[in-house]
Amino acid sequence: GHLSVGVCLLAPEVSVGNYKRAVKRFDDGHRLCNDLMGCLQERAKIEKAYGDQLTAWSKRWRQLIEKGPQYGTVERAWLGVMTEAEKVSELHQDVKNNLLNEDVEKVKNWQKEAYHKQMIGGFKEAKEAEEGFKKAQKPWAKKLKEMEAAKKTYHMACKEEKLAAAREANGKTEASVTPDQQKKLHEKVDKCKQDAQKAKEKYEKSLDELNKCTPQYMECMEQVFDQCQQHEVRRLTFLKEALLDIKRHLNLTENQSYATIYRELERTILSANTQEDLKWFSNNHGPGMPMNWPAFEEYNPDQAAAPPKKKRPDGAPPTPSTDHVAPPGDRSSVSSYDKNQAYSAEWSDDEQPTTFSGNENGGNRNSFEDDSSTGKGVRVRALYDYEGQEQDELTFKAGDELIKIEDEDEQGWCRGRLDSGQEGLYPANYVEPI
């Protein structure tokens, strides 16, 4: 039942109290800041989880590759993929930190400056807008109320006039109605006509007054609405800038470190040298191996008491090599080819190939590991001190006890476990069974 005031540019002007949506936008704006912060916090969790998964994956597979039979420069290239994962993980942790420490903080600070909570609840900005709209609307709303009342009075007077005219018409046709009564009915019609005319004039006057103050009302409402719009301009502008910052933090392709990771990985892979790896394998496990053929040895009474000079069970010195080839029995190499497996001296046709378990990631166990660490073994005592030369060799003092968990290989090495739980290789002739 509100009066339309012609073409209105703004919703609040159409009717009294129809500015609620413009006021509610302040509450919405504050809530949207919370939503954006929640959105970024969730994304930061995803970035962190991805980084953590990459690190765990890289650590696990680095161990599997290093323990496995791949060797040389191709092993290095494969390990390069693990290095890539570690570096990319760091970048995703940076993304997480930037989202939380920069973007979320920026939104939180802007929200604090843009919206001021009141003790009584709600926001100062929303209250000011609502009061502004009410004040601008008050004079016009009063005139509107007066006009509505005048319209109602006029319509009621018209209704009364119609009823009086109908009664007069009926009186003329009925014989029971006296001339005096007919006169009174006629006077009633005249009075109703006069009342209707007065009500019409009053209604027209109040409508005219309402229309006169409408432009002023529209102007005042527009001013308040413009103030709301200015606050919204600031909010939308800030949001756009914040989203551009977020994009910059998420877009790793713009990060120079990201491009460098893949340049380095490509360089590592391209440096893999097939011929170099084949030559290394031949020199260490093929025809290129230097051999210590058996030679006649005189009896030496002191020989039994002295520990071997080199990592050879027969105490013979290794054949020197100009090509940096690992000496016989010496296990220092670019690969972990023979770290965890004792290979038989001869290849046999019925050897079972190693297979991965059905688990999609190869299971949690290294498919190349043997079952040497099951706890079975023979207790032995060290005859001499031994200082491990490689990471996978044991160090012990004469008199120490340990468990032999794998028999001597063709080069004179045994696998054992110290009481500390450490497993590794040691020269077979440094110990005796207990």
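The backbone N, Cα and C atoms fix where each Cβ goes, glycine too.
According to TrEMBL, the compositional bias 'Polar residues' annotation covers 332-343 (among others).
If you look up TrEMBL, you'll see 353-366 (among others) marked as compositional bias 'Polar residues'.
The domain 'F-BAR' annotation in TrEMBL covers 3-277.
Among the features that TrEMBL reports, domain 'SH3' is placed at 375-434.
Taking Cβ pairs closer than 8 Å, the region 'Disordered' (168-189) reaches residues 161 in its own chain, all 6 or more past its ends. Taken from TrEMBL, the feature region 'Disordered' covers 168-189 (among others).
The feature region 'Disordered' is assigned by TrEMBL to 292-376 (among others).
Secondary structure counts, DSSP: the domain 'SH3' (375-434) has 3 helix, 27 strand, 30 coil. Applying DSSP to the region 'Disordered' (168-189) sorts its residues as follows: 17 helix, 0 strand, 5 coil.
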